[in-house]
Amino acid sequence: MPKGKKAKGKKVAPAPAVVKKQEAKKVVNPLFEKRPKNFGIGQDIQPKRDLTRFVKWPRYIRLQRQRAILYKRLKVPPAINQFTQALDRQTATQLLKLAHKYRPETKQEKKQRLLARAEKKAAGKGDVPTKRPPVLRAGVNTVTTLVENKKAQLVVIAHDVDPIELVVFLPALCRKMGVPYCIIKGKARLGRLVHRKTCTTVAFTQVNSEDKSALAKLVEAIRTNYNDRYDEIRRHWGGNVLGPKSVARIAKLEKAKAKELATKLG
């Protein structure tokens, strides 16, 4: 090709003119006039918003929320973390149904029983002491003594005892003494069994002959869930879960690092 001459390229045909669609004009009713609201400070009434975040909650609610968040954020040692693994609903229902049969007598029932016994004695029919029926034993000290003497057949511990130090040693003690134990949701549920508001732990010592098979089934299921899994539970730490803000911040940093690396590699 001789110098000074430029190669002529093919001319591209111009794009066809885009045919604009004629939009039909909206008919505006003059009776409906626009009244735009101004939500600035001191202007119109603010719209209804979810202000839960800004409520000044009572102290006990604040504390329980902070405790729940701390349990998520901090590393929770296995001894405390094991109380998050409660018994499944079906087994817990069966257990409570059985425990309901062995509720201790109320103060009124005891009063009536002693009154009837006193009346018999006054009538000269002789005083025959009644045999103590098998009932649930409640309270940390009572249950600890029963476990140490290997008299407890099954120990039920509440998962939400506060302070947790009251019962934190019980699972290890039960395992050492070979007593089956389980952790159940709700100290209030256990409290209802023994006519109190709350209860930390209850224990079965004896049951009637008709309930022995039901208790044996429960003990078998509980033993596989708790006593036999003790080594696994002992290694499992809890918590260490970051909040949404921290997760977002870390994700942002990671994204920036990845972008920087991509530009370096080109």
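In case you wondered, yes, glycine gets a Cβ from its N, Cα and C as well.
What Swiss-Prot records for this protein:
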- LYS11: SUMO2 cross-link (CROSSLNK)
- LYS20: SUMO2 cross-link (CROSSLNK)
- LYS21: SUMO2 cross-link (CROSSLNK)
- LYS48: SUMO2 cross-link (CROSSLNK)
- LYS97: SUMO2 cross-link (CROSSLNK)
- LYS125: SUMO2 cross-link (CROSSLNK)
- LYS245: SUMO2 cross-link (CROSSLNK)
- LYS34: N6-acetyllysine (MOD_RES)
- LYS97: N6-acetyllysine (MOD_RES)
- LYS217: N6-acetyllysine (MOD_RES)
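Here the features listed in Swiss-Prot are painted onto the structure.
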residue : record           : DSSP (3 states)
LYS11   : SUMO2 cross-link : coil
LYS34   : N6-acetyllysine  : coil
LYS48   : SUMO2 cross-link : coil
LYS97   : SUMO2 cross-link : helix
LYS125  : SUMO2 cross-link : coil
LYS217  : N6-acetyllysine  : helix
LYS245  : SUMO2 cross-link : helix
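Looking only at Cα atoms, LYS217 (N6-acetyllysine) sits nearest to LYS97 among the recorded positions LYS11, LYS34, LYS97, LYS245. A gap of 96 Å separates the Cα atoms of LYS34 (N6-acetyllysine) and LYS125 (SUMO2 cross-link). In this structure the C-alpha atoms belonging to LYS11 (SUMO2 cross-link) and LYS125 (SUMO2 cross-link) are separated by 128 Å.
If you check the recorded sites LYS97, LYS125, LYS245 against LYS48 (SUMO2 cross-link), none has a Cα inside 10 Å of its Cα.
Within 10 Å of the C-beta atom of LYS217 (N6-acetyllysine) sit 13 other C-beta atoms, taking all shown protein chains into account. When the Cα atoms are compared, LYS125 (SUMO2 cross-link) and LYS97 (SUMO2 cross-link) turn out to be 38 Å apart. LYS245 (SUMO2 cross-link) and LYS97 (SUMO2 cross-link) have their C-alpha atoms 45 Å apart, to the nearest angstrom.
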